[in-house]
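> Encoded as structure tokens, here's the structure I'll be asking about.
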């Protein structure tokens, strides 16, 4: 018989045990090499990742039960965006002129309605008041040379985290504020933490989710004024060299201020500088010189912007200032006749041009904003922009409450005389576009380079 080779599993096991003993020593031998490599040649994190951590802003807690707010922190990139996505968004963004464009049909419609938002002033809740047509809700503003993105409530809330946004001015400021609150409420419900004044003209809401405050201050002239009343003079008194301290006294605690004036300057008024009467507007029976209101509006806005620059620019605290330009009315005849603003769709450019008083007021506001920008250049943390909504608002005669400022005005039949509101805007409605543009303005300010940091 030939020899037989015996195969035993113990032979393979011997090799396995030897390898098992040597493997840990091999790993231990590599450890010093790895440590040496990392010490002298550390791994480099991507620049965007380092920036994400280095730009973290400490959260400042404010109280919702008091008007005293902590000084606002500086803007930083929204934390919900990854650095890569934020860079992509900035790369895609190009300077956009939102003023020129047209209204185009939109199938999606608004973010909210008259029943889902609880902050709509009764007179602007057109759907709940029985307005029968809904076509006015399905239009979007399309700029000629760029795209206006839809409103992103979470993005806006991230941008105002730990901040106080104040809307200051006449009832158009309140109208814009309530539009913003309705859109933000689709992402986070605010708490009303303060109210005061006739018809709650001074209010503040708090968003606990983002520790953000949004306020409205009634100040129809921005400067110091005494409004006409049934018990007093039937004209306004304006003191053009002093701002209205009802809002200005809170300037140190405001991160962004949105100003809106215009319509109250059309009313009869007497104008003062110090104790000197400068003149008046529509004041028959008074021994004052008629000087109109254009120069007065310019002076009031100039005083306002100058005061903000002096009080906030000099102390180095960051503040953003937005001036919403004049919003035209659309009365056709008497304000109390049936069909005072009867249009059911937007104008096209061939139907309506920006001219006359609407164009003149807008021009003054834009000029004063540009002049204030020059004056504020010495302060790196002061940012200012005109929210130019005059033209796009002019093209929307269909967006006002009209007779639906009151609930079901024709429940007992159509009459010749009925009160109409052809000045303010239905909510939801065209005014929501103002806040879509406002969001783009704030996003443009988002980068630290814009603040000079």
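Placed from the backbone N, Cα and C atoms, the Cβ positions cover glycine too.
Unlike curated entries, TrEMBL annotations are predicted automatically.
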> Between 22-40, 41-59, I'd like to know which one TrEMBL lists as transmembrane segment.
22-40
> Do you know which of 66-92, 93-119 TrEMBL annotates as region 'Disordered'?
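The listed stretch tagged region 'Disordered' in TrEMBL is 66-92.
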> According to DSSP, how is the domain 'Trichome birefringence-like N-terminal' (95-147) divided among helix, strand and coil residues?
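Summed over the domain 'Trichome birefringence-like N-terminal' (95-147), the classes give 6 helix, 10 strand, 37 coil.
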